[in-house]
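S.K.: Sharing a structure here in structure tokens format.
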Amino acid sequence: MAFIRRRRLERELYSKERFSLLLLNLEEYYFEQHTANHIINKDCKDERKFRGSLKICSKSIIFEPDDNIQPIIKIPLRDCTSIKAPEDNEANNPFTRDTSGGISVVCSQVFLIKERNVIAPYKTVRGRAEHFFQLDVARKVGDVVQTLHQLYRASCLDKMGDQAAMITAILQSRLARTSFDKNRFQSISETLHMECKAEMVTPLVTNPGHVCVSDANLYFQPLNGYPKPVVQITLQNVRRIYKRRHGLMPLGLEVFCTENDLCSDIYLKFYSCQDRDEVYRLIAKYIENHIAEHTAESYVLQWQRGHISNYQYLLHLNNLADRSCNDLSQYPVFPWIIADYSSSVLDLTKPETFRDLSKPVGALNKERLDRLVTRYQEMPEPKFMYGSHYSSPGYVLFYLVRVAPEYMLCLQNGKFDHADRMFNSIAETWKNCLDGATDFKELIPEFYENDSSFLVNSLKLDLGKRQGGKMVEDVELPPWASGPDDFLQKSQEALESPYVSEHLHEWIDIIFGYKQKGSEAVAAHNVFHPLTYEGGVDLNSIMDPNEKVALLTQILEFGQTPKQLFTTPHPQRKIQKLKSLSRTSSHSTSIAESPVSPIEESFEDLTEESITLAWNNIAKLKLDKQYKIHKEAITGIAVTCNGSSVFTTSQDSTLKMFSKDSKTIQRSVSFSNMALSSCLILPGDTTVISSSWDNHIYFYSIAFGRQQDVLLGHDDAVSKICWRDGRLFSASWDSTVKVWHCVPGEILSNKKHHFELLAQLEHDVSVNTIDLNAANTILASGTKEGTISVWDVTTATMLHQLPRHSGTVFHAAFSPDSRHLLSTGEDCCFKVIDVQTGMVVSSVTTEEPQRCFKWDGNTILSGSQSGELLVWDLLGGKVTERIKGHTGAVTSMWMNEQCNSVITGGEDKQIMFWKLQY
């Protein structure tokens, strides 16, 4: 995992250096270092001298001896009683300075760290002691003593806010006196775009310095030169960049040079939002398919379609919700999945093996929940159910102490937690999360990664002795795990199991979604302290610096709730147990209603394979023939079952029948002087139905070559018609969609069709397009004002009304499995909607309007305004092929059932025949 890899990399890079910023207190800065000797018992017979490095920090003095056997010495400035040059004659003033090469520090206590280079709790040595530091460069003593006096005064202030304000003033003064060293540029030809002050963020610590953006690189130069003089990132290598909320303020920026890694290349905290946004803008210019244009919806469809795993999807959501491995107060959060830690065999086919993902951890135990709810109801405002969070720095390091012990020591003032409160056992930890009065923690990504080192005490740390006398060593695993690697492997299998795939959306609703806040959170027993939520407090409105520091410290240590990503129920990921029926047949029914025999199933498998093969090669579509058969734009295309006859409608008011064999127009019919808008052929290839702008729907008999019937169905132009199972669906500019029961004339003695209005679906504005799902139970409509409506046809009720486009919706169509609806409009956007929830799960911006399309759920073949056919990778959000076609907009498209033959019609009055050439 990212955190473990980062620790391993740091150990490799700085293995010779024992000092790290983790030796500082929280919110402490490291200013400068000087080569020096530490002299003990100066001028005495047993005088000892140790060479090393003196570090000046905002709240302490740290001396790192070159000899690894000797401990690092940390002297808190607040515990100092004298800081001076020994030769100073002003004996009555303990805080003075001189220009000699030595500095005398008298203190009441010191901390000894990493003695014999062993990571262990800090040793505290109390009692008055003098420490003499002899600097190699004697002329710097005066400045160092002056700095120490300033910092000492700050550390002696009673209130934390006043301390922080004075230290910040000292820091800003130092930053103002320095600037980025242009000699650090990689090339003399680089052009400077921007320079500003910022801090580099790593877990628990920040390091101030200067940010510089050139036309080729991003640089960060630490004020103290630690851990190296400059951090450089080539802008061309940047793949992702995110604005972050750091310390509850919109000041963070995280830069990644990888596509999927959770570990970033640099995390910066700026002093102003304007600086952050400008650096963001400069870097974003270099990123192809810039991730900032995407939101959580960018990944929903990929996850639903199985293109990314549950683990990958959760990483993406954490990233988008401001969770970062560089910020332990906002570390990525993952769910407890397994509830069985006692069986010898883990059975992933049993639902009882799994935790209830529809509830937060605090609600999993009903008895505990009842007590918490009672307390919540009796609590004055602001109310909250849980006194602790599910993710905090303490919880993260609870899990990772074996690989990140120095972080735990930093967080807990040089101490490990009590041995009985350590991460000793998976089963014990789970039990405590179920039963503990204040323990509601979730897991971290490491539990679903491949690096099991956090479960093993490979560093041989002395983590204490438990009450029973047993030393804390490796984490105790459940019986079903043969070892740490096997535990992680089975945890991964559980996370990707069918049960979790079908229920993970419920946990997402709680952590990232609509049950995170408000009345839904109360109903779900998911209410935490108000300060943990984004926007829970406005730090800028708090004038008292002490109150602000106290509040910020409380929030950062307590943990923070992720940014809310979804405000509607999250779509479910359904596991396909059976293959769907033919993708494009207008007469197919849902799989649940159509049991198939083994012979039919094998034939269907072949059909599915041929369809998949066709869509995989759709970019190889080649123009076969083209014919100009109309005088105006073509509006509809229908083809007989044997493929020999093609019927087209046009704005020139004619219905034409074109023979593919003779390549001639065999019929041309005009029903009125108004444009025709669409056409379809009834089952049996005996009747063609056309819709017209004159408010009528016309029935034309192919066999008799004449108009058979007419339906005056609307009060304005009929824009689109569909036929399913003896029912006619008609959309109109009169703001309705009507459902008709239609008995063909051949069945009745009078040869006329009989029409019965079954339902009328009312809209606010003109309806431009409609489509039905495979089971003929759900209808989608698109209006001239950009609204997509989803209707339950069986009850004539609206399920969703979604303002998804700005401008006319040109076309909308269900995916073959009917789970998603794709629409395109005048606003140059493709939108994919989850039919069950109404959530937009993908959005792709196009260069120009796409007028019509066919799709298989993953790939789109669209007809553009300019006449090109475009092949889209929907999940990647990009065009993979451009095919030259019409000289005007492509206005109509037909595709056969095998998806290997396409006919298009355009504003250029032509129809074009296309074939796949493998």
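The backbone N, Cα and C atoms fix where each Cβ goes, and this holds for glycine too.
In case it's useful when we look at the structure, here is the feature table from TrEMBL:
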type: DOMAIN; residues: 187-284; note: domain 'BEACH-type PH'
type: DOMAIN; residues: 288-573; note: domain 'BEACH'
type: REPEAT; residues: 711-740; note: repeat 'WD'
type: REPEAT; residues: 760-801; note: repeat 'WD'
type: REPEAT; residues: 802-843; note: repeat 'WD'
type: REPEAT; residues: 883-918; note: repeat 'WD'
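Quick one: where do these features end up spatially?
M.R.: Panel annotation: around the repeat 'WD' (711-740), residues 586-587, 674, 677-680, 682, 689, 691-699, 753, 755-772, 776, 779, 781, 784, 791, 793, 796 of the same chain, lying at least six beyond its termini, place a Cβ under 8 Å from a Cβ of the stretch.
Summed and averaged per residue, pLDDT over the repeat 'WD' (760-801) gives 96.
Beyond its flanks by at least six residues, the repeat 'WD' (802-843) meets 297-298, 300-301, 304, 566, 568-572, 574, 576, 580, 583-584, 590, 768-775, 778, 780-790, 849-857, 860, 862, 872, 874-875, 877 of its own chain at Cβ-Cβ distances under 8 Å.
Only residues 6 or more beyond the boundaries of the repeat 'WD' (883-918), in the same chain, are considered here, and those with a CB under 8 A from a CB of the stretch are 582-585, 607, 610-611, 613-615, 617-639, 643, 646, 648, 650, 658, 660, 849, 851-854, 856, 861-871.
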